[in-house]
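What Swiss-Prot annotates here:
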SIGNAL    1-22  signal peptide
BINDING   W61, I62, N63, D64, Q80, W88, W123, S124, R187, D188, E242, D276  substrate binding site
ACT_SITE  D64  active site
CARBOHYD  N145  N-linked glycosylation site
CARBOHYD  N182  N-linked glycosylation site
CARBOHYD  N336  N-linked glycosylation site
CARBOHYD  N472  N-linked glycosylation site
CARBOHYD  N565  N-linked glycosylation site
Amino acid sequence: MAISNVISVLLLLLVLINLSNQNIKGIDAFHQIYEELQSESVESVNHLHRPSFHFQPPKHWINDPNGPVYYKGLYHLFYQYNTKGAVWGNIIWAHSVSKDLVNWEALEPALSPSKWFDIGGTWSGSITIVPGKGPIILYTGVNQNETQLQNYAIPEDPSDPYLRKWIKPDDNPIAIPDYTMNGSAFRDPTTAWFSKDGHWRTVVGSKRKRRGIAYIYRSRDFKHWVKAKHPVHSKQSTGMWECPDFFPVSLTDFRNGLDLDYVGPNTKHVLKVSLDITRYEYYTLGKYDLKKDRYIPDGNTPDGWEGLRFDYGNFYASKTFFDYKKNRRILWGWANESDTVEDDILKGWAGLQVIPRTVLLDSSKKQLVFWPVEEIESLRGNYVRMNNHDIKMGQRIEVKGITPAQADVEVTFYVGSLEKAEIFDPSFTWKPLELCNIKGSNVRGGVGPFGLITLATPDLEEYTPVFFRVFNDTKTHKPKVLMCSDARPSSLKQDTGLLAKDRMYKPSFAGFVDVDMADGRISLRSLIDHSVVESFGALGKTVITSRVYPVKAVKENAHLYVFNNGTQTVTIESLNAWNMDRPLQMNDGAL
């Protein structure tokens with residue numbers, strides 16, 4: 001017992017030393033603060049691993065997407081941005097606009113710390129279009145005492161489609177934490193919605209000890225806000241709820257999105273939260289009671305760590321908005337870097353936004369489905385296809401005729417019989433990641449693993465596989481389909497640093513895919529862009545984003561394969577692949 005206690009104390013000291021070395025402090029603990037690095041100027045930008053068709057500023061650090069909105073013919077995206085360096089710090093609201101969600105023009109920054117209610121930071125928030133007033137920003141400001149406050153900003157000229165200049169009125173803040181709340185964990189107001197009782201409502205994330213909390217605030221005039229008596233929802237042991245999102249989905253229309261203020265009987269609500277502790281997100285489907293201002297999850301999936309996710313990979317701080325132009329709900333999300341802090345500084349940039357995705361309720365009514373917006377297909381170039389090609393155990397077939405490091409690949413697999421599927425161990429029911437770590441792409445199975453090998457060298461010294469493995473769930477008598485995106489073999493680079501910031505993060509990511517495979521088919525789409533691989537299983541039922549940094553499998557030296565390591569022969573029923581061109585404009589302008 002004494003030895004055990006000594007070991008525990010030593011481990012605690014190591015953790016504290018590690019935190020101290022990383023300069024993580026106070027309320028900023030949810031971001032790693034490198035005071036000596038956050039203003040280190042960028043002399044040049046290294047393009048070796050830089051994506052070509054994903055949203056990025058020309059240089060420096062980017063994180064949360066903020067305030068996406070469609071207004072007067074333009075898509076607007078604001079985002080957290082470091083004006084001076086490639087690590088987190090000096091954060092402002094940068095601002096870009098687009099006509100097509102593909103080509104982006106950078107404008108002047110919208111918000112930066114300047115007044116007592118945000119002098120310590122202008123953090124994440126949303127935009128609401130208020131009838132008679134135009135767009136209004138709700139955002140989190142940090143005062144000099146490091147207390148988080150909710151503020152608003154208005155456009156100087158609401159008639160300007162570009163919304164170039166914003167004003168922070170002196171009657172801010174509009175919401176402050178009361179004595180029952182944690183003032184250092186009170187942030188990220190959602191887009192507000194107008195209810196039939198005459199009130200506007202917004203949701204703000206928080207925590208009390210280890211309980212994650214979403215508070216609702218109400219207002220009649222969008223200036224004076226009052227906290228509801230009870231949280232709209234909370235959950236023990238989930239920690240701080242960052243970047244909450246709350247929106248309705250239709251139970252009958254599986255093609256169109258709904259605006260926030262839609263009222264109708266055939267709807268469910270979605271509550272998504274970003275978990276500060278894990279840097280993962282999860283969501284539930286449920287019922288929102290307007291009179292009580294309470295949200296009640298259905299209970300069909302876990303409400304907590306093991307819940308459903310928008311994306312099972314490197315994806316965080318996501319934010320949706322309703323696109324009035326095409327009657328759809330669109331999702332943005334941040335994919336951070338996975339290499340070292342030193343590498344980020346040397347290359348002069350860090351972070352990107354994933355390709356925007358449409359959000360719909362699946363026809364099963366049990367989960368959401370996500371798909372890249374159709375506009376991204378305008379970047380498709382050279383095209384190759386493959387049909388009705390069998391892949392036997394141990395085979396891999398190269399996809400030639402495109403640029404594998406910058407591509408869009410869609411493939412439908414036919415597996416036929418599932419008799420050879422391995423028996424599913426029920427202890428992994430809520431542990432897809434652990435199962436993927438054990439059953440990697442090189443571990444032979446019955447039905448699978450099969451899928452794509454992306455960003456690979458010919459000898460597979462480096463590669464990032466995205467694949468399925470089908471199990472037989474004897475409890476449900478249905479197939480259990482595992483989807484993995486495994487970055488462990490993605491790079492030959494060896495990091496020996498003692499601290500996390502000095503080591504490349506090369507994880508596997510995984511999620512189960514809810515398909516019955518009655519017709520023996522399953523689809524996979526991967527968007528490959530140098531250091532990011534976004535993959536969509538079964539038409540978007542399961543999505544995984546990986547960040548990878550090959551040493552050899554870069555640019556024209558990267559290869560793409562289809563593979564099968566299962567004893568069951570798998571057929572490539574159809575494969576369509578395209579080069580992806582660069583957008584004509586990617587944030588050229590004010591930044």
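Note that Cβ sites are derived from N, Cα and C of the backbone, with glycine treated the same way.
Worth saying up front: this structure is predicted, and the values here are computed from it rather than measured.
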Report summary line: From N145, N182, R187, N472, N565 (recorded positions), the ones whose CA sits within 10 A of D64 (active site) are none
**Report entry** Secondary structure at N472 (N-linked glycosylation site), reduced by DSSP to three states
**Finding:** strand
Query raised in the report: What's the CA to CA span in angstrom from R187 (substrate binding site) over to N565 (N-linked glycosylation site)?
Result: 47
**Report entry** Fewest Cβ neighbours within 10 Å, where candidates are the recorded positions N63, N145, N182, N336
**Finding:** N145
Requested in this report: Would you kindly give the Cα-Cα distance separating N336 (N-linked glycosylation site) and W123 (substrate binding site), rounded to the nearest Å?
Outcome: 17
Report summary line: Cα nearest W61 (substrate binding site) among glycosylation sites (N145, N182, N336, N472, N565) -> N336
Query - Where the record names W61, I62, N63, D64, Q80, W88, W123, S124, R187, D188, E242, D276 as binding substrate, the maximum Cα to Cα distance in Å - result: 21
Report task. Output, ordered by sequence, the same-chain residues six or more apart from N565 (N-linked glycosylation site) with a CB under 8 Å from its CB, or 'none'. Result -> M393, G394, S441, N442, V443, R444, G445, G448, P449, F450
Query raised in the report: Taking the Cβ of W61 (substrate binding site) as the centre, how many other Cβ atoms fall within a 10 Å radius?
Result: 26
**Report entry** Top Cα neighbour of N472 (N-linked glycosylation site) in the set of recorded positions N63, Q80, N145, N182, E242
**Finding:** E242
Report summary line: Nearest by Cα to N63 (substrate binding site), of the glycosylation sites N145, N182, N336, is N336
Query - From glycosylation sites N145, N182, N336, the one whose Cα lies nearest Q80 (substrate binding site) - result: N336
Report task. Compare the C-alpha of E242 (substrate binding site) with the C-alpha of each of the glycosylation sites N145, N182, N336, and give the closest one. Result -> N182
